[in-house]
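Take a look at this one; I'll ask things after.
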Amino acid sequence: MDVKAAPNGVATIEDRILRITGYYGYYPGYSSQKSTSRSSVTRCKPGANCPSSHSGISRQLSPLSVTEDSSAPILELQNRGSSGVCGHRVERQNRSADDGTQTHSENSSQENRIKARCLSCTSMVLKGIWGLLIILSVSSSWVGTTQIVKITYKNFYCPFFMTWFSTNWNIMFFPVYYSGHLATAQEKQSPMKKFRECSRIFGEDGLTLKLFLKRTAPFSILWTLTNYLYLLALKKLTATDVSALFCCNKAFVFLLSWIVLKDRFMGVRIVAAIMAITGIVMMAYADNFHADSIVGVAFAVGSASTSALYKVLFKMFLGSANFGEAAHFVSTLGFFNLIFISFTPVILYFTKVEHWSSFAALPWGCLCGMAGLWLAFNILVNVGVVLTYPILISIGTVLSVPGNAAVDLLKQEVIFNVVRLAATIIICIGFLLMLLPEEWDEITLRFINSLKEKKSEEHMDDMTDPSVHLRGRGRANGTVSIPLA
């Protein structure tokens, strides 16, 4: 089929399209030259010689060399364009990947924060629950100990023997601690290894005979004096009065720490100490300064003083102790009491100061109940510091005052007059003031400032609410408010 050329030299429709589109390699007769070049190409079998065909192809394709050369820049631009597009796509993919990692990291960090908050809230709730249980257990054990002593005095009055007997039960403190260690710890240790680890409270060398006598002797004497004077006071006064007066030990601890340990001076604790002393005087005045009342108050105040001295000396020489070290130390006090103080009740027995007919006549049930509750009180005080907040232990101690008051009222052993009731309340308030932290004034100021800021924000919200309401009404009515210059 012959191709007729148009007047303008364009032979076919393909040439017209190429001319109109402005193809860079176009020249007149391009399509016809292209078709003839294709038709002139002959296929050769593999291995056959086609010299004429090669020469024909080279001669016929020679006009296309210009086209190929001229189209080379277009191909290069296309390649550059495609490479640029690919580069942009890669950058976009990298950016999207970076954004994805950033969002993933932000989401993971938010999840970690939420988990941390949940864990902190859970730990606070658990500490609160444990604190409530510890408060009830501490107060009930102390009330039970005091009331059992009062019951024992009806048939058996040997306060030093009772003190010695109950102190011997402290030997079981460390075995109770080690049993808890075996039940809860993942890496269990042998008894001797745990004993040596906890004996570091006496120093790096552990417990030696010299340290046993040097460190244990004064604390054992103070421990015995505290309990003995407390039992003597229970013979003269009611359980409510003795437990209220014993709460003054917090004030004595502060005064001794301020004088001996050079602790920070706090005016509120001075006020609490003055309130404690005022309560002591009012307690003695409640019975018109009767002889037994004055002696009982002196015994109770002496017990609180020796308890405070024990705590201050412990902080001075031994510092702070964990639960295991405290269990080791209290058990050591029990051993010292059994070995070195056992001669004292023997002497009192043969001198008829504290005498009983036979060992079978002893109220073993009351004695064991008193000693068991006393041991439980000491264990709970040390366990409570680990499981919950230490302030809750002190609150449990002060709650023994209303607990003993309730029991005394049920037993009808006490008549609360105005002076006795006021003295008890004043001592308890002073005890609670002692529990305030050292930064209580700064915390109080911050709390008051936050309340003021909240009130000011609420007042500003109340002031802005009517204007917003009126503005909304104006817009609803179709009016436009124009601000004045």
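Each residue, glycine too, has its Cβ placed from N, Cα and C.
TrEMBL entries are annotated by machine, without manual review.
What TrEMBL records for 50-62 is compositional bias 'Polar residues'. The feature domain 'EamA' is assigned by TrEMBL to 130-284. The region 'Disordered' feature in TrEMBL is assigned to 32-62, 458-485. The annotation transmembrane segment is assigned in TrEMBL to 124-144, 156-178, 212-230, 242-261, 267-286, 293-314, 326-350, 362-381, 387-407, 414-436.
Surface or core, plus neighbours and distances: that's what I need for these features.
A mean pLDDT of 88 is what the model gives for the domain 'EamA' (130-284).
If you look at the transmembrane segment (156-178), the same-chain residues 6 or more away from its ends with a CB under 8 A from one of its CBs are 149, 191, 194-195, 198, 223-224, 227-228, 231-232, 235, 323-324, 327-328, 330-331, 333-335, 337-338, 341-342, 344-345, 348-349, 354-356, 362-363, 366-367, 370-372, 374-375, 378-379.
For the transmembrane segment (242-261), the residues of the chain that approach it from at least six positions outside its boundaries are 142-143, 146, 230, 233-234, 269, 272-273, 275-277, 279-280, 283, 296-297, 300-301, 303-305, 307-309, 311-312, 315-316, 394, 397-398, 400-401, 404, 423-424, 427-428, 430-431, 434-435, judged by C-beta separation under 8 angstroms.
Here the transmembrane segment (267-286) has Cβ contacts under 8 Å with residues 241, 244-245, 247-248, 250-252, 254-255, 293-294, 297, 301, 417, 419-420, 422-424, 426-427, 429-431, 433-434, 436, 440 of the same chain, all six or more residues outside its ends.
Here the transmembrane segment (362-381) has long-range neighbours at 134, 137-138, 141-142, 144-145, 148-149, 151-152, 155-156, 162, 165-166, 168-170, 172-173, 176, 227, 330, 356, 393, meaning same-chain residues at least 6 beyond its ends whose C-beta is under 8 angstroms from one of its own.
Tertiary neighbourhood of the transmembrane segment (387-407): same-chain residues 127-128, 130-132, 134-140, 142-143, 146-147, 238-240, 243-244, 247, 250, 380-381, 414, 416, 424, 427-428, 431-432, 434-435, selected by CB-CB distance under 8 Å and a gap of 6+ residues from either end.
Counting only same-chain residues 6+ beyond the ends of the transmembrane segment (414-436), those with a CB under 8 A from a CB of the stretch are 238, 240-241, 244-245, 247-248, 250-251, 253-254, 266, 268-269, 271-276, 278-280, 282-283, 285-286, 391, 394-395, 398, 401, 405, 408.
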For the transmembrane segment (212-230), could you work out the same-chain residues 6 or more beyond its ends whose Cβ comes under 8 Å from its Cβ atoms?
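Same-chain contacts beyond the flanks: 159-160, 163-164, 166-167, 202, 242, 246, 299-300, 302-303, 306-307, 309-310, 313-314, 317-318, 329, 332-333, 336-337, 340-341, 374.
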Short question: which residues 6 or more past the ends of the transmembrane segment (124-144) have a Cβ under 8 Å from it?
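Result: 239, 243, 369, 373-374, 376-377, 380-381, 383-384, 387-389, 392-393, 395-397, 399-400, 403-404, 407.
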Is the transmembrane segment (293-314) packed against any residues at least 6 beyond its ends, judged by a Cβ distance under 8 Å, and which are they?
218-219, 222-223, 225-227, 229-230, 232-233, 235-237, 241-242, 245-250, 252-253, 255-257, 260-261, 280, 283-284, 286-287
